[in-house]
Amino acid sequence: MKNAFKDALKVGRPQIGLWLGLANSYSAELLAGSGFDWLLIDGEHAPNNVQTVLTQLQAIAPYPSQPVVRPSWNDPVQIKQLLDVGAQTLLIPMVQNADEARNAVAATRYPPAGIRGVGSALARASRWNRIPDYLHQANDAMCVLVQIETREAMSNLASILDVDGIDGVFIGPADLSADMGFAGNPQHPEVQAAIENAIVQIRAAGKAPGILMANEALAKRYLELGALFVAVGVDTTLLARGAEALAARFGAEKKLSGASGVY
């Protein structure tokens, strides 16, 4: 078993991604052929469930783009279901401390290394037990990325980085800026300083730093600092802004959005 996304992070090869919020396998397949290294299937803020995640994983599978799945919470039951339908790389939201990071890792591992329930005969991940020795290979193929999105999580970053099995740490600029008192303004100098310091700290610890930033200049800045998995756009935003711009060129009166947040 292989995990190409995890392998790329291990060797320090930057991965450029796109956020998927349309919760649709047709658009997921379209975007899988667009040249991004990874695609984030969002179960936290987009209207996804296990079934819609499954169909998007199936749609992306023939393409080089690697899927990353974000569950709605650090919940071992939900994580188990997502792994069984074929997710190998998970982005766990709102991890505040080392204990929560350890819980996330444990949920992705079969015993005795963790608490993942065994149901491989029913699982797409094992190709319904057609992958030889799946139960003994699966743990090593898992890639666990945890999100730090608050001042509390930032203060606990060093201990989170010490947790075995954490492959990367993703900085959530939208929630972090809100928690710092600058909601909707992730480009505030204090927020930017916190993000940049975290990227350097994560990389120095031998883990992969990640972030979502649609501002091209900032995304490139984070890559220069050592970020290894950077999402540079969101499908919903690309569709909305592209449609608005096209309509405007033909005289439509709708005012184009001036939003300047992360997305």
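Even glycines carry a Cβ here, placed using N, Cα and C.
Record features (Swiss-Prot):
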type: ACT_SITE; residues: H45; note: active site, proton acceptor
type: BINDING; residues: Q147, A174, D175; note: substrate binding site
type: BINDING; residues: E149, D175; note: divalent metal cation binding site
type: SITE; residues: R70; note: site 'Transition state stabilizer'
type: SITE; residues: D84; note: site 'Increases basicity of active site His'
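Sequence features annotated in Swiss-Prot and their locations in the structure.
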residue	record	Cβ within 10 Å
H45	active site, proton acceptor	13
R70	site 'Transition state stabilizer'	26
D84	site 'Increases basicity of active site His'	20
Q147	substrate binding site	26
E149	divalent metal cation binding site	22
A174	substrate binding site	18
D175	substrate binding site	19
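Of the residues the record lists as binding substrate, namely Q147, A174, D175, the two whose Cα atoms sit farthest apart are 12 Å from each other. Cβ atoms within 8 Å of the centroid of the Cβ atoms of Q147, A174, D175 (the substrate site) belong to the same-chain residues P93, M94, E149, I171, G172, P173, L176, site residues excluded. The recorded positions close to A174 (substrate binding site), defined as a CA atom within 10 A of its CA, are E149 out of H45, R70, D84, E149. A gap of 14 Å separates the Cα atoms of Q147 (substrate binding site) and the residue listed as 'active site, proton acceptor'. Inclusion criterion for the recorded positions R70, D84, D175: a C-alpha placed within 10 angstroms of the C-alpha of E149 (divalent metal cation binding site); this criterion is met by D175. Relative to R70 (site 'Transition state stabilizer'), the recorded positions with Cα atoms inside 10 Å are H45, the candidates having been H45, D84, D175. Across the structure, D175 (substrate binding site) and D84 (site 'Increases basicity of active site His') are spaced 29 Å apart at their Cα atoms.
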